[in-house]
Ligand SMILES: Cc1cc2nc3c(=O)[nH]c(=O)nc-3n(C[C@H](O)[C@H](O)[C@H](O)COP(=O)(O)OP(=O)(O)OC[C@H]3O[C@@H](n4cnc5c(N)ncnc54)[C@H](O)[C@@H]3O)c2cc1C
């Protein structure tokens, strides 16, 4: 008779390298049953771009299991606890290993798994597959949690980061009895009805190998210079573009961290670039840390007083922002890249977020929701923390009165308008002098370049200077009422 199997649950850890679940399996001789659970409560919360990414990644991961170990990745649909309960009964498994998760909903589900199934000789173990550090383990000298990034990251850097594990070359035993599995093509997630997600395939290769290659190419070609170049949005390789792979665990944060350290050891001239890059990985850690300590971070401002901020929430302006038809070329280029590719550089994310919140006086949560739907890297922690940062309502936020000027930001980070020309093709032939302010072009030039403002490209939907002053007045009045005191 075959030994009792171990169930391995995969969700946002779709990889073989640095996979503690597999390391743990090596301690035993038992056969394994890897599974992905299509829990509607979890999947429905994802945006369409994330559903698209996850769906394709499951397919790639299933093939990897088959080709590397000749084992089926089982697919099942339903409430996670019930699915696992059923599988325990069917297979007589006695262990379940899972990757730890951090959103409120996922934590509740994982707690239920533990409470309801960790009995009758069943062992349930959760492993940190997603972060460098467990949020609960990082505390200040008083034993409290950090609110500010810099001391948090300094403390993290005093801790040892373990070596990441290579993909095991061990032969795993599969469970030798037939087990029912759904057919992936029967999973009709929201994205399958949304034609727009299909074009994302033109921009991304989705697999663990693609993620590892992307890291290697970035370290070879772009880490040197990262400190200065990462905001230069017109250059295609200014940043790693690893964010969706990190979100879905096709690459581990530990793997990235250690590879960067090794690269820095080999080349002492890139210390600053390396440290700046590691700091960004640190911001990701901090976002998860905040989410862990403030599970409602996606729904409410961390600074509760901002709950009453007098946003105007004009939905027609929101739609123009979403569609990239604001009449501000840099904003429109960013929003159109997002729609085309499911991704946008960090600098652009900051500019469009500031524009939405401050120029249009729209609550950051509308922006967060649009990003959740359209970003392939839509991350519950990074997205919420970054929106709160721009809105000035996070724990360690940019102050509300810091308002980006979309014209000067465009001139500074896309000086020749290369990025704008790529994503707003109706402006591609404009002289550089007008690329950031096409409305200033004399009518004769508008005719010459076939871009009549108001017809071929919109007038700016707001006057930045007026809106900036209005936003500042709102803030002063709000502050004057004592909302921000204390
Ligand atoms: C309004 C707004 C919303 C955002 N939403 C998301 C989101 O949903 N998902 C997401 O992963 N990032 C988000 N970010 C953070 C950042 O813009 C992206 O992580 C980054 O642009 C991803 O590109 P990259 O992988 O090339 O980054 P790189 O510069 O190569 O950085 C490497 C990794 O570090 C992490 N990182 C980089 N910058 C940040 C940051 N500011 N905060 C937290 N982690 C960071 C990411 O995991 C990234 O992949 C948001 C930023 C803003 C301003």
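Along the chain as shown, residues are numbered 1 onward.
Yeah, the Cβs are placed from backbone N, Cα and C, and that goes for glycine too.
Record check: TrEMBL places 226, 239, 240, 241, 242, 243, 377, 378, 379 at the FAD site, and the matching candidate among 277, 286, 328 is 277. The binding-site residues 242, 378 differ in how many other CB atoms lie within 10 Å of their CB, and the one with the most is 378.
Looking only at the domain 'Photolyase/cryptochrome alpha/beta' (4-132), the predicted model's pLDDT averages out at 96. Residue 240 (FAD binding site): 23 other CB atoms within 10 A of its CB, across all protein chains.
In the three-state DSSP reading, residue 277 (FAD binding site) counts as helix. The Cβ of residue 226 (FAD binding site) lies under 8 Å from the Cβ of 238, 239, 273, 274, 276, 277, each on the same chain and at least six residues away in sequence.
All protein chains included, residue 277 (FAD binding site) registers 25 other Cβ atoms within 10 Å of its own Cβ.
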